[in-house]
Amino acid sequence: MKIFTGAQVKELDKYTIEHEPIKSEDLMERAADALTRAITASWGTDTAVVVFAGPGNNGGDALAVARMLAEKDYRTTAYLFNIGNTLSEDCTINKKRLQDCKKLRKFIEVTNEFDPPRLEKGMLVIDGLFGSGLNKPLAGGFASLVKYINQSPAQVVSIDIPSGLMSEDNTYSVRANIIKADMTLTLQQKKLSFMFPENQNFIGKLQILDIGLSKDGIESIPATYSVVEEKDIKARILHRNSFAHKGDMGSALLIAGSYGMAGAAVLAAKACLRSGTGKVTVGTPKRNNDILQISVPEAIVHHDKDDKYFTEPIDVEEFDALGIGPGLGQNENTAIALITQIRKTQVPIVLDADALNILASHRAWLQQLPKGIIMTPHPKEFERLAGNHYVDSYERLCKAQSMAQQLHAYIILKGHHSALCLPDGTVIFNSTGNAGMATAGSGDVLTGIITGLLARGYKQAEACLTGMYLHGIAGDIAAKEKGMESLTAGDLIEKIPQAFAFLDK
Ligand SMILES: NC(=O)C1=CN([C@@H]2O[C@H](COP(=O)(O)OP(=O)(O)OC[C@H]3O[C@@H](n4cnc5c(N)ncnc54)[C@H](OP(=O)(O)O)[C@@H]3O)[C@@H](O)[C@H]2O)[C@@H](O)CC1
Ligand SMILES: Nc1ncnc2c1ncn2[C@@H]1O[C@H](COP(=O)(O)OP(=O)(O)O)[C@@H](O)[C@H]1O
Ligand SMILES: [K+]
């Protein structure tokens with residue numbers, strides 16, 4: 001599913017109006033109808049409703065919703081903020097229609113002084129102040145109104161986007177001046193800012209309402225951001241030939257685990273084996289031998305000459321993919337071995353955890369990474385790698401996008417919606433997984449899965465996308481069975497088979 005920017009939504013709106021064709025005011029009526037249906041599904045007619053409408057089309061939507069709710073016998077009061085004495089055309093039309101509505105309790109157009117109504121428990125506020133047309137952070141009277149609504153005990157439903165929240169970049173937004181909605185009814189598609197953890201408090205429960213914008217328009221307008229869908233992954237799954245031989249199914253090399261961190265190697269190796277690859281070899285220090293051999297008997301162990309650390313690059317000729325980093329440690333000899341290993345490796349590589357931390361302390365090496373390399377940092381690892389602290393997720397994502405372009409790399413910025421940044425500058429968000437996966441070792445499992453998929457024959461973009469999605473599905477299946485609280489990384493591995501079965505349906 002594409003995520004369009006505010007400017008693109010306007011373009012899509014225009015496209016729909018011209019090509020359906022439909023009048024702009026009728027499109028607003030359709031949106032208001034969908035909004036009203038969603039509101040009436042959750043609140044009964046005994047709810048007193050206070051609608052706050054702004055001067056643009058978000059306000060137009062709100063006024064149309066006020067009329068529809070009043071017609072359905074909700075006790076409705078509407079405030080229209082027309083401070084600058086300019087309303088959008090469709091807002092003006094809906095103001096007139098609302099004024100003609102006999103069932104509305106009260107309509108107040110605020111042009112100067114505003115006497116705020118009492119907002120009590122059990123009341124419902126409809127926030128239609130600003131939507132995708134917000135062009136600067138809220139300040140002054142609007143900021144005070146937002147604070148007034150936020151501190152009230154009333155429930156709040158935001159139309160399209162909580163007022164004060166920008167569709168994309170909230171670097172300069174004042175967080176106290178953004179509506180904290182209990183529910184956001186967003187039109188047609190998620191906004192980019194909805195993908196970021198720090199904005200969840202504003203959005204509340206999210207519902208996406210289909211308002212029938214042009215399918216051709218959606219198809220033809222290119223989007224930088226999108227969310228992966230089940231059908232995209234299902235179409236990418238490779239199937240086994242009946243005559244398959246393990247030699248055809250790929251051979252993966254994982255370099256992982258230092259002394260005291262053998263578990264990371266075990267988790268990655270098990271996940272790698274579960275991901276369909278024919279053969280898994282684990283390069284690990286001598287001392288981890290027994291642990292690996294006993295825990296993952298299917299894997300071959302390649303011993304480093306060092307007892308505790310990875311210090312000797314491994315010949316990669318017989319392998320189809322390399323995953324390196326989980327539990328590796330950051331010993332200086334390991335750092336030298338890592339960059340030597342990267343230089344001599346011709347097959348696709350996944351860098352994770354300590355491999356990324358080592359690069360962060362040798363940032364000049366970033367320029368030596370081969371094109372097509374995959375990196376899977378969590379936010380802190382990414383910040384170390386980029387050598388910078390970012391004020392919010394948007395800024396961090398932009399940096400990951402530009403790094404992916406500059407290095408021709410695939411960067412998976414991990415999180416609730418992990419973001420795959422591709423070398424062409426586009427970003428695909430994952431849509432599976434849950435908070436139970438915020439547990440030690442789940443990243444090692446992801447590295448194992450992606451390395452396994454690469455060895456199995458998936459190209460980099462496919463391996464990243466399928467890997468993130470599969471990892472999240474495994475987490476969702478595990479959480480259903482064991483609950484999020486008790487979920488461990490090992491549980492994820494056990495559910496990879498069911499995750500594959502789900503995607504194979
Ligand atoms: N395709 C769809 O999805 C559909 C979308 N629809 C709806 O349209 C909405 C977008 O409407 P929109 O473009 O008119 O913008 P909107 O958010 O109402 O704000 C613009 C107004 O706010 C003002 N303004 C801006 N910032 C400000 C600030 N900081 N402080 C004060 N004022 C500020 C700005 O004034 P300006 O700065 O331009 O002078 C202008 O007057 C969208 O969210 C959805 O609800 C549906 O109707 C149908 C289909
Ligand atoms: N709240 C969450 N929702 C969905 N996925 C999550 C959540 N928290 C973590 N994950 C996933 O779990 C993995 C955690 O990776 P990472 O932070 O590297 O963990 P570790 O270093 O402990 O192995 C990532 O793939 C991430 O996307
Ligand atoms: K709004």
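Just so you know, glycine gets a Cβ as well, placed from its N, Cα and C.
TrEMBL lists N58, D127 as K(+)-binding residues, and of the candidates S24, S88, S163, S167 the one it assigns to that same site is S163. Per TrEMBL, the AMP site holds K414, G415, H416, H417, S418; the candidate it also names there, chosen from G387, G443, G448, is G443. Each of the binding-site residues G60, G415, G443 was scored by the number of other CB atoms within 10 Å of its CB, and the largest score is that of G60.
Every protein chain shown contributes to the tally, and the Cβ of N135 ((6S)-NADPHX binding site) ends up with 9 other Cβ atoms within 10 Å. Around N57 ((6S)-NADPHX binding site), the same-chain residues six or more apart in sequence whose CB sits under 8 Å from its CB are M28, S88, D90, C91, G131, G133, listed in sequence order. Taken in sequence order, the binding-site residues D160, S163, H378, H416, S418, G443 that lie near ligand 1, meaning a CB under 6 Å from one of its atoms, are D160.
Highlighted in sequence order, F52, G54, G59, A62, G128, L129, F130, G131, S158, I159, D160, I161, P162, G164, I179 have their Cβ within 8 Å of the centre of the Cβ atoms of N58, D127, S163, the residues recorded for K(+), and are not part of that set. The binding-site residues listed here are N58, S132, S163, S418; among them, S163 has the most other Cβ atoms within 10 Å of its own Cβ.
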